[in-house]
Amino acid sequence: MAAYKHERAVGPATKLAIGKATPPTAYPQSEYPDFFFKITNIENKTALKAKFARICNNSGIKQRYFHCTEEILKANPQMCTYQDASLDVRQDIAIREVPRLAEKAAIQALTEWGQPRSQITHVVFATTSGVNMPGADLTLTRLLGLSPTVNRTMLYQQGCFGGATVLRVAKDLAENNKGARFLTVVSELTCVTFRAPNEEHLYNLVGSAIFGDGASCLIIGPDPVPKVERPHFEIHWNTLPIFNKAIEVAGSPAWNDIFWCVHPGGRAILDEVEKTLNLRPEKMAATRKVFYDYGNMSGASVLFVLDQMRKQSAELNAATTGEGCEWGLVVGFGPGLTVEVSVLKALPVVSS
């Protein structure tokens, strides 16, 4: 084992920078029912529209961003008719636009990081939007002009906990590759799920009312260079004593001693987490803010929350990037219901 020590990092993986991106078109939640039923040519279904409008009004969302504008949907009417054959069209959009949106988030992260792109050694990319080979990871590598020898890991169909999953994967790889710097990306589009509402499948109404498009990118690496890189969080395992003790009781006061970056899966989910764990309302403020501003962007959402947590900490003049707390959780909820959790250690807030 000693022979491999020189290949491994000394310290834990850290988050060094973050970037976010959405398509330019935002739809106010209050106006979306009219748009949705008009573009799908079912304005005559007034009872169904009224039900959908109630879901939108009670969602806790102000607006959502979409790549599929009215013009795109009119040019591809098969996407707007319930159960019409439209897989090819959706796949074509996803293959083209998922890496483009990821590129915008990556450029923002790289700019904040401030180091040459040539120092990126690995790319970890997750999406639930479309599948192709070679994948979106290779397309992104080319768009950014990264080295063709960069190590790539592509994760498809992770669902809403994809943001937490890429943290785990990047941590595992980073700590076993001394000096590595990871471009860690999640990019999601609703083009693969957009469809007309139907009375026989009412469960689709909720997804149509809360999901939006977005991409997030983290620069992750171990052993940050002093005075050159400015880490925000360390990524740790979920085996710390505070969590082992607190988990014994769902409403343990200890849960309020940590910070929470929870995937904004929906208002009901957030309310239940807060109630079950007896969390103070401010503990979910970053998550609810992201949900209000963007809706549920699947795997990208929880990384938006992580950035919101950092920003709120600076605004509050908190001692750490975790709103003054030392330890916290990134919680990703996925299909099933499944959960992916990462433990983070917040670091001192450093001004730009």
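Note that the numbers count up from 1, one per residue, in the order the chain is shown.
Note that Cβ sites are derived from N, Cα and C of the backbone, with glycine treated the same way.
According to TrEMBL:
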type	residues	note
ACT_SITE	CYS160	active site, acyl-thioester intermediate
DOMAIN	6-224	domain 'Chalcone/stilbene synthase N-terminal'
DOMAIN	242-348	domain 'Chalcone/stilbene synthase C-terminal'
Checklist outcome for this item: For CYS160 (active site, acyl-thioester intermediate), the same-chain residues 6+ apart in sequence with C-beta under 8 angstroms from its C-beta are THR128, HIS263, GLY265, ASN296, SER298, GLY299, SER301, GLY332, PHE333, GLY334, PRO335
Checklist entry - Where DSSP helix means H, G or I and strand means E or B, what are the helix, strand and coil counts for the domain 'Chalcone/stilbene synthase C-terminal' (242-348)? => result 52 helix, 26 strand, 29 coil
